[in-house]
Amino acid sequence: MAKDDNLPLFETKSAKGRILFQIYSLLIFVGTCFIFAYRLSHIPAKGEPGRWAWMGLFFSELWFCFYWFVTTVVRWNPIYRNTFKDRLSHRYEKALPGIDIFVCTADPVIEPPVMVINTVLSVMAYDYPPEKLSVYLSDDGCSDLTFYAMLEASRFSKIWLPFCKKFKVEPRSPEAYFRTAVEPLGETVLAKERSTVKMLYEDMKKRIENTTKLGQISEEISKEHKGFNEWILVASRHDHQTILQILIDGRDSEAVDIQGQPLPALVYLAREKRTQYHHHFKAGAMNALIRVSSRISNSPIILNVDCDMYSNNSKSVRDALCFFMDEEKGNEVGFVQFPQAFENLTKNDVHSSSLNVTMQMEMPGFDGNGGPCYIGTGCFHRRETLSGKKYNKNFKEDWKRWSNRSVEKSTRVLEETSKVLASCNYEENTQWGKEIGVKYDSTVEDVLTGLAIQCRGWRSIYFNPERKGFLGVAPTTLLQSLVQHRRWSDGDFQIFASRHCPFVLGYKKIPLKLQLSYCIYPLWAPTSLTTLYYVIVPSLCLLKGISLFPQISNPWVLAFVFVIFLHRAYSLGECIWFGGTFKGWWNDQRMWLYRRITSYFFGLLDYILKQLGFTKSTFFITAKVADDDVSQRYDQEVMEFGTSSPMFTILATLALLNAFCFFGGLKRVIADLETMVWEQFALQILLCGLLVFINLPVYQGLFFRKDVASLPTSVSYQSTIFALLACVIALY
């Protein structure tokens with residue numbers, strides 16, 4: 001036993017096959033050097049057609065090469081972690097720290113109350129001492145419907161938690177469990193109790209959904225809890241007082257389940273909002289929770305999850321604590337990030353929402369370079385890091401000093417005294433949102449907050465267990481996906497172009513390779529410009545008869561073919577290795593293009609307009625539910641358009657532009673077969689043809705589909721006019 005006490009609580013392993021990746025990288029680098037040599041040695045003379053197009057293409061390729069270098073730095077040394085939860089239990093079972101769990105929601109329509117409470121119930125049911133768990137819901141929608149759902153969940157938890165622990169069920173979200181778990185056969189104890197619990201859950205779900213459809217709380221329901229009286233004073237979701245209700249007081253000896261075991265604390269919070277105060281979106285909600293929880297439970301570890309990301313692994317808390325409580329390296333850990341995964345992905349991931357490569361290659365690469373970024377959900381934080389504390393080499397956590405329950409005040413008194421911590425003016429003339437708490441200077445507050453924590457000396461850890469820790473809901477329409485990436489690219493570039501740039505904020509504080517790793521997402525926005533150039537200019541030059549690539553018989557063409565083939569072959573192999581399919585890879589290539597010419601371009605425009613004072617920061621909430629017909633098309637992997645959007649207009653315009661140029665180029669080649677013109681334009685025709693092929697769903701949406709999810713007629717007219725106009729300008 002004594003020997004076991006000295007063993008680490010986790011291990012770190014480097015990825016296998018790195019030598020192959022390094023050889024691949026070297027070959028790509030050599031091939032790229034040959035491409036640049038060709039570009040520099042074959043620049044058209046002054047006055048020769050295509051000189052400026054050639055130069056623009058050269059600079060675009062330089063940028064692509066730099067961005068490839070950044071992605072290579074991220075992929076160079078990925079590491080993977082493994083925990084030893086048995087060792088943790090052996091040493092610390094009686095001294096496990098308290099855990100505060102934050103669940104954030106903002107709109108009862110986009111984020112239905114039933115979905116919210118499923119996430120809440122899943123984290124309440126962790127395989128962890130319940131008296132050491134405190135669950136907080138931040139409701140930025142200030143909805144009495146959400147509060148009612150929480151009240152129902154507090155009652156159902158008395159049945160659900162003992163059922164989960166008795167039969168060790170997974171996952172512990174009721175909705176997910178009853179939908180995915182195999183129903184036991186026969187008259188076993190599990191079968192009988194499961195049937196009873198399922199019936200009780202369906203009854204609760206029906207009550208919540210019926211109330212939600214009505215849109216208001218009935219007089220009968222309002223008498224069930226004093227908390228409903230708070231909504232008498234609510235003017236609107238944007239103008240109301242702080243509403244704080246402790247639905248389950250973990251200190252109360254009578255707060256027990258049906259088996260007499262203690263229940264986790266459960267707290268509902270709708271922070272105060274007034275029209276004259278900026279509420280800072282999710283970051284403001286998180287900071288209010290940090291303060292309120294410090295008064296009520298003050299646990300040393302904080303987990304935050306989005307309301308759609310239910311716990312899929314009841315051991316996740318213990319996994320995270322293996323890193324925080326490791327005797328040798330635990331004291332330097334600031335946060336432990338779990339991957340973002342989704343349960344509603346289609347087989348071939350039509351919108352490329354799985355983030356498989358990001359979560360299974362890029363994030364481990366971040367970890368190998370110094371630590372992953374914070375991605376806003378599924379993250380365990382050391383409370384002190386969110387309070388602005390800097391890491392000190394002499395720091396050693398004393399877990400016993402934390403008091404995770406306030407014992408001297410009654411529930412009502414604790415509610416009243418804690419409300420001031422969530423008031424609008426509490427943060428005035430303080431460092432909240434600057435040096436303390438979650439940062440306010442970006443729409444991607446998570447990335448900036450994680451970077452600041454690392455710059456204060458703390459280490460972050462990425463942990464991707466075999467059974468995913470959390471499962472959420474991916475966007476089911478193309479527009480939702482594009483809008484989500486638009487917000488991410490805007491916020492990430494805002495960080496890069498500010499004093500929080502990794503090279504500025506992280507100078508001499510984090511390794512250079514980690515600074516470079518952080519650039520992979522902020523550089524999405526400027527990459528949109530070079531991508532647009534490559535999508536538009538070679539095609540228009542093909543239409544006009546200007547060659548921008550070497551002839552097919554020229555040896556220089558080998559460099560282009562080699563780099564393109566090897567780079568895409570590696571991309572395909574990476575996708576397949578991480579569980580994807582060939583068609584899924586092709587969908588990923590399509591979305592790679594669509595995001596760069598729409599989401600990231602508009603993200604860049606948003607940043608510029610904000611800097612010029614024309615617009616203000618906004619926060620888009622991704623819808624977590626879809627209509628039945630939308631869900632059906634999504635399951636069938638039919639791309640969903642269905643509405644007009646400037647992003648759809650750009651997609652359709654560029655798709656048509658490339659179609660016109662492709663057929664115009666083919667006409668030129670066929671007309672001049674005897675003069676072997678096709679040799680000059682072979683690569684341009686292939687590039688243009690590839691863009692046409694990748695845009696087949698757009699052509700279907702424009703001309704062939706007649707359902708409500710096709711592209712609107714207005715988009716068809718606008719895109720056709722813009723594409724024809726561009727072709728006419730190029731020709732004349």
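Easy rule for this one: first residue shown is 1, then count along the chain.
Each Cβ is built from the backbone N, Cα and C atoms, and glycine gets one as well.
What TrEMBL annotates here:
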- D140: active site (ACT_SITE)
- D446: active site (ACT_SITE)
- E111, D140: UDP-alpha-D-glucose binding site (BINDING)
- K282, D306: Mn(2+) binding site (BINDING)
- 21-40: transmembrane segment (TRANSMEM)
- 52-74: transmembrane segment (TRANSMEM)
- 518-536: transmembrane segment (TRANSMEM)
- 556-580: transmembrane segment (TRANSMEM)
- 647-669: transmembrane segment (TRANSMEM)
- 681-703: transmembrane segment (TRANSMEM)
- 715-731: transmembrane segment (TRANSMEM)
Residue numbers, six or more beyond the limits of the transmembrane segment (647-669), whose CB comes under 8 Å of its CB atoms: 479, 482, 486, 535-536, 539-540, 542-543, 545, 594, 597-599, 601-602, 641, 677-678, 681, 684-685, 688-689, 691-692, 695, 698-699, 701-702, 711, 715-716, 718-720, 722-724, 726-727
What stretch in 21-40, 52-74, 518-536, 681-703, 715-731 has the biggest tally of Cβ pairs under 8 Å against the transmembrane segment (556-580)? 21-40
Do me a favour and check the Cα-Cα span between D306 (Mn(2+) binding site) and D446 (active site); whole Å is fine. 12
Compare the C-alpha of D140 (active site) with the C-alpha of each of the recorded positions E111, K282, D446, and give the closest one. K282
Neighbour count, 10 Å Cβ-Cβ cut-off, for D140 (active site): what number do you get? 24
